[in-house]
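Lifted from Swiss-Prot, the feature list:
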BINDING   T58, V59, G60, G61, S62, G63, K64, T65  ATP binding site
Amino acid sequence: MQVLVNKIWYEGHPLRWLLLPFSVLFALITAIRRSLFRLGLKSQTPLPVPVIVVGNITVGGSGKTPTVIYLIELLRQQGFNPGVISRGYGADMQGVKVVTAADSAASVGDEPAMIVARTGVPMVVGAKRVDTAKALLAQFAVDVIICDDGLQHYALGRDIELVVIDGKRGLGNRHLLPAGPLREGAWRLNQVDFVVVNGGPAQANQYEMQLSPSAVLPVNPKAVAVFDPTQPVVAMAGIGHPARFFETLTQQGFQLALSHGFDDHQAYDKEVLCELAASRPLMMTEKDAVKCRDFAQENWWYLAVDAKLSPQFDQQLLSRVRSVAAAKQGKSHGV
């Protein structure tokens, strides 16, 4: 199914024309929804600290999670104490939940499990972003909130909007769902504060981001094996665009005996992965690793990557955060 969807959205498959009437309906529904917020018929909840929403206007992975991790580290380096909220897509939960390093991806979602495992940041997940933000502020002394995804969740007040675009696939055929991958039209890029292009050339007023491989690490934290870079690996990825990961491995000099893409957010079965790997090392993404760590074998590995952005981006982002923080502190003191 995903193969057909990708052909429709990114390869010009003619079936897209049959889906266009549904895209028109989707456009109408989303336009009405935005109008309700703009006219004040639906309310947006402001928060007492700066809120950065990291999202995209397309369906599927674009590099939001590495961007969130980058922002966490950048803000911490400048003395801020950020916290993160997320939907926790696919999580088996009700209400809101504080994410801990002991939580499984099944209980809190793939991305939250990965973010907390990497950074230890205060994080709360839940279906309603406003409720998760309030819970985060109630339980942790955070002074900046980063919302992982949620660009279209207009009930959450936000001060900075950052959109991540896949530099390889772009906006696909530029049609709205379901004929294309767009959640909102390309016009939305002109309204956000920052547009970050992951792995591709940035246009004027956009910022280029590269994902730089940093280390090969064991999926099983108790494993004592040492990775042999001369040995061919079986590569797997359950992300929005698996081919990007396989291309990265090849560029880094890995020999791929086999590559296999899974659906994004897919749960994994130990037996299936053992059969896939056979006797060879299994190489996966960091997001996949958090779903496999409880049953990982000695020769299962993941490639950690770090987002790299320009000093100009850092300067502009931090300047905006400080400005918003000062304004909100002034309001709280009646200035």
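Even glycines carry a Cβ here, placed using N, Cα and C.
Overlay of Swiss-Prot feature records on the structure.
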residue: T58; record: ATP binding site; Cβ contacts under 8 Å, 6 or more apart: I165, D166, R169, L171, G172, P181, L182, R183
residue: V59; record: ATP binding site; Cβ contacts under 8 Å, 6 or more apart: L177, P181, L182, R183
residue: G60; record: ATP binding site; Cβ contacts under 8 Å, 6 or more apart: D166, P181, G240, H241, D264
residue: G61; record: ATP binding site; Cβ contacts under 8 Å, 6 or more apart: D166, I239, G240, H241, D264
residue: S62; record: ATP binding site; Cβ contacts under 8 Å, 6 or more apart: N56, V164, I165, D166, N198, G240
residue: G63; record: ATP binding site; Cβ contacts under 8 Å, 6 or more apart: V164, D166, V196, N198, G199, M209, L211, A307
residue: K64; record: ATP binding site; Cβ contacts under 8 Å, 6 or more apart: V54, G55, N56, E111, D148, D149, V164
residue: T65; record: ATP binding site; Cβ contacts under 8 Å, 6 or more apart: E111, M114, I115, D148, K287
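One way to see the shell of the ATP site is to take the Cβ centroid of T58, V59, G60, G61, S62, G63, K64, T65; the remaining same-chain residues with a Cβ within 8 Å of it are N56, V164, D166, G240, H241.
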